[in-house]
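Visitor: This is the structure, below, for whatever I ask next.
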Amino acid sequence: MLSHHQDHQQHHMQQQQQQQQKEQQQQQQQQQQQSLLSFPVVRVYPYVQRYAWGFAASKSLVAAVAQAAAACANYPQQQQQQQQQQQQDSERFAELWIGDHPNGCSLVAPVDSSSPAAAAAAAAAAAPAAAAAAAKAPISLAEYLRRLSQQPRQRPPPQQQQQQQQQQQQQQQRGSGLPFLFKVLSVSSPLSLQCHPDSSLAAKLHQQQQQQFPDSSHKPELAIAAAPFAALAGFRAAAAIGLLLQHNQQLQQALGDHFMASQEAKKLLHLAQQQQQQQQQDEEEGRLVKAAFAALLRADAHHQQLQQQQQQQRQQQQQQALRALHERLKKNPPPHPQQQQQQQQQQQQQQQQQQQEADWVALLLLSHYPTDVGCFAAYFLNLILLKEGEAIFIPPNYMHCYLQGHCIELMAASDNVIRGGLTSKTLNPNLLLQTLDFKPSAQTPATNVQQLLPLEQQQQLLLLKQLCTPPDQQQQQQQQQQQQQQLQQQQQQGECRLYHPPLYKFNEFCTVRVLLPPNAKRSLALLHRTPGVLLVLSAPWPAVMRVSSSSSSNSNSSCSNSSSSSNTRDMCVPLRAGDIFFIAAESTVTLETGEKQQMGKEEEMQRSTNPIAKLLQQLQQQQQQQQQQQQQQQQQLNSSNNFLAFLVTGGLTAQMFQ
């Protein structure tokens with residue numbers, strides 16, 4: 001009886017010890033997570049999305065970044081490496097998410113912490129060392145931002161108080177700590193034909209159909225090519241569509257006899273014949289394009305009036321047109337647009353060029369969606385071919401379709417999308433037609449969305465203020481003059497380009513692309529009032545990030561090279577390809593590169609075999625083969641042979657720079 005009592009007492013003591021260890025471990029973890037808020041820089045673990053349209057791991061920039069990153073929120077890198085070694089490469093890597101979106105939230109941890117898997121393993125072990133390691137376990141970026149927003153701060157001036165209130169209201173409306181979602185995309189097959197509603201329409205759709213439209217936000221997007229990237233964006237001019245229609249029997253069959261006999265079709269064909277003349281009225285051209293596209297999607301008034309049997313016959317005619325087009329293009333495949341563009345520049349045959357590039361897109365779409373009438377969108381939409389560093393902005397209510405390639409993408413944190421084809425998901429052609437603005441003036445692809453960033457921080461802030469203010473002609477001229485004056489200086493210090501939408505309309509995001517040679521240094525004032533994210537894509541030699549932050553008076557020195565004072569927090573962080581960091585607001589970020597000679601053999605080997613560096617070199621070699629003639633400056637500032645990083649922020653307003 002006594003023995004049983006002793007056993008019970010001993011078991012109770014063990015339980016108490018285990019409970020104490022657990023509480024101690026939780027307390028250490030809470031303390032570590034609380035101290036995490038005092039650092040101006042934390043490491044980010046991205047979230048990997050695997051969709052069917054992505055690339056296999058060996059050819060995916062997404063997979064390369066995921067493998068090179070310190071860790072990922074949802075994908076074990078060891079498993080990826082083993083699969084590659086065993087050539088089990090069937091898994092597709094489509095998107096890498098950096099943000100606090102609930103469908104793929106990133107994690108954050110101290111800059112020097114271990115991976116999530118290592119932290120979890122340490123947490124499972126019952127030892128003081130394990131508890132210390134578990135204290136560095138990552139937390140979600142959403143939770144980190146929530147705690148950060150609750151931190152006590154010094155009372156700002158009245159003007160900044162009003163700005164903070166506006167930011168808090170915007171944050172409550174979108175239900176997310178960050179106004180943007182930062183992505184890396186690897187697109188091996190075309191995505192759906194789609195557009196995103198503007199804020200006004202999104203609010204109505206969210207109220208009426210919450211399951212299909214889960215939020216009330218618009219979703220502008222910006223894609224920056226990390227390698228050759230192809231997309232469809234915006235409708236061609238009515239005359240160009242008429243010209244393609246005139247010489248394409250399959251397209252005529254797809255639009256149907258009723259449309260081809262209509263006044264709209266006759267006017268389109270007439271515009272094609274009068275192509276040398278100036279374009280007609282904006283509204284009229286938009287009406288003609290809309291009528292033709294509605295006929296293609298079987299969303300025109302005539303189709304709605306047909307009986308069910310007649311509608312089925314109409315669909316069968318379109319399927320016949322698809323098969324006939326596919327057979328014709330397979331027999332005589334059109335050349336790749338980049339190849340034929342060089343030839344056409346010599347032959348000056350613009351009409352033939354448009355026909356061939358539309359055929360090339362149609363064949364690409366048919367190879368993936370042979371029974372989808374959306375393949376005929378190749379003859380309606382502009383083909384955009386971006387080289388590395390080039391970009392396109394996709395505003396709301398704008399038809400687009402990513403075709404293939406690798407890019408960096410920024411977008412507002414929204415899930416609202418209206419699809420018109422090239423997908424097995426829900427289509428809504430009637431809503432799509434109501435949403436799109438078909439006027440030619442609204443359809444010109446927005447590819448002029450970048451400019452050189454000034455060297456001086458005050459000039460950077462002035463530029464950002466100008467971009468956040470509705471422009472006038474004088475401002476635009478001043479900006480162009482400043483760019484020309486800075487160009488010579490930029491070449492000596494590397495190249496920093498600011499990519500942005502019209503910030504006075506869409507302030508959710510902008511980014512600086514930093515391309516630095518050895519022994520270069522650039523300071524960036526982009527995070528003057530807002531936090532940001534840094535992604536390093538290439539670091540072939542030693543590089544560091546120095547962050548000076550004044551967002552809090554509680555400072556902690558976080559590395560041997562850092563210094564701190566009562567009003568500022570400084571950090572010095574070594575950089576490698578694949579590094580991702582969240583940086584506090586009110587920070588100055590300085591990126592600095594060293595020399596190759598400063599590296600030891602082991603470090604040089606690690607940097608040269610980095611998966612991102614290897615893939616970027618392969619992609620750039622392919623681009624050079626397609627484009628034999630390149631300028632000398634572009635060769636010198638090659639991204640795989642230089643330091644390359646993107647610094648992203650969002651929520652900028654002109655009032656921040658007063």
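Going from the start of the chain as shown, residues are counted 1 onward.
Keep in mind that glycine also has a Cβ here, set from the backbone N, Cα and C atoms.
A TrEMBL annotation is a machine prediction, not a hand-curated record.
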Visitor: When TrEMBL marks a stretch as coiled coil, which of 584-611, 612-639 is it?
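Guide: That would be 612-639, per the coiled coil entry in TrEMBL.
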Visitor: Tell me which of 471-495, 546-570 corresponds to the region 'Disordered' entry in TrEMBL.
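Guide: Residues 546-570 are the ones TrEMBL records as region 'Disordered'.
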Visitor: May I have the DSSP-based helix, strand and coil counts for the residues of the domain 'Phosphomannose isomerase type I helical insertion' (303-381)?
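Guide: DSSP classes over the domain 'Phosphomannose isomerase type I helical insertion' (303-381) add up to 64 helix, 1 strand, 14 coil.
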